[in-house]
Amino acid sequence: MGSSAGSWRRLEDSEREETDSEPQAPRLDSRSVLWKNAVGFWILGLCNNFSYVVMLSAAHDILKQEQASGNQSHVEPGPTPTPHNSSSRFDCNSISTAAVLLADILPTLVIKLLAPLGLHLLPYSPRVLVSGVCSAGSFVLVAFSQSVGLSLCGVVLASISSGLGEVTFLSLTAFYPSAVISWWSSGTGGAGLLGSLSYLGLTQAGLSPQHTLLSMLGIPVLLLASYFLLLTSPEPLDPGGENEAETAARQPLIGTETPESKPGASWDLSLQERWTVFKGLLWYIIPLVLVYFAEYFINQGLFELLFFRNTSLSHAQQYRWYQMLYQAGVFASRSSLQCCRIRFTWVLALLQCLNLALLLADVCLNFLPSIYLIFIIILYEGLLGGAAYVNTFHNIALETSDKHREFAMEAACISDTLGISLSGVLALPLHDFLCHLP
């Protein structure tokens, strides 16, 4: 690991010399720092993705505003079904929920495309502040909106918050032990589960969408507190956080690694070097793009059309349950890195594409007899998506040099966002086509 590893060893040696009379103190302090950073990154992952997830869970309610006087109407918790579109066998909104997906992802795509070119010039603290303010603004704007257009502007704020935060915090992991990537990923999975479950639970209990969204304003405050008050300075830590076995097993994505390379120097990379690193990342980027394309095509293109009339759940309630079960699967698999590591993530891409084919066929042919079968498939879909995310970034962290890791993490962020954006673009015309079928 070069000079950074050597400086870490010298720091350990000096600590041992200074504390011979109390040999356990430095070790306990080190453990305390590691746990603070681990918990800090888990909370950051949770808070960063929370508004993004809530907006997708609320997508059906946001679009129903075209058929109601704003979103402040009370949500009926009971089983009374909603009126159906008489012109189609699907109970369709006039606009696909993919419209909310696009508003929730396109600003993130722009941020991630531009991030590797110059975002590193802006210090981390202002980025985190902007992310927190945008998150709070999204909840307030959607809560008080009286139109779909204004609500979508609030969704855009959530997208800016999530996209800027993800690029920022994943880049920041380059300065901490590699284990924090697992904690970050678990936190983002927790955001999916807690975000969708909280929206489902509060609306199911009878709370209006407006009050449900306003009750979540503490999340941006928690994000800022975690970054400014909980995380410790990364300087004393080995940025890669690897043991000797991990270092020896590393297979650099490019062949120009030098023993003196260290994280934090990505601003000094030439365009040619950035392009070389990016080409090496394609082995991981392409499978993750496919995974996210397939799962979000399902989530925002097909969920609304996988409607069962012979259940006690209304259409809106079915949609919220789909979102919650998907996020439960994501949380479980994003938290599984210590138990199961997958190097060949293209296998996950293949399985997710098979999920898409199965559910698209069911939308067209209506051959799955029970909503509970759909529940199982959606849970499995979430497991595949979460596993692809955490293993992709873990593999990149292990297989990039210290000098290139910060840039590599920023560049790889484009994978999920690109797949999601493509799925939203294709899901919109599919929705219109299917909803006009008799």
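Residue numbering: from 1, along the chain as shown.
Cβ coordinates come from backbone N, Cα and C, glycine included.
Comparing SER14, SER69 with the features listed in Swiss-Prot, the residue bearing the annotation phosphoserine is SER14.
With respect to the membrane, ALA59 and GLY218 are recorded by Swiss-Prot on different sides.
In Swiss-Prot, the feature transmembrane segment is placed on 128-148, out of the ranges 128-148, 212-232. Checking ASN49, ASN71 against Swiss-Prot, you find N-linked glycosylation site recorded for ASN71. By the Cβ criterion (under 8 Å, sequence separation of 6 or more), the transmembrane segment (278-298) is not in contact with the transmembrane segment (183-203), since fewer than 3 such pairs are found. ASN310 (N-linked glycosylation site) sits 20 Å from CYS435 (cysteine methyl ester), taking the C-alpha atoms as the reference points.
Around ASN310 (N-linked glycosylation site), taking its Cβ as the centre, 8 other Cβ atoms fall within 10 Å, counting all chains. Summarising the environment of CYS435 (cysteine methyl ester), the number of other Cβ atoms within 10 Å of its Cβ, over all protein chains shown, is 19. DSSP assigns ASN310 (N-linked glycosylation site) to coil in the three-state reduction, outside any helix or strand.
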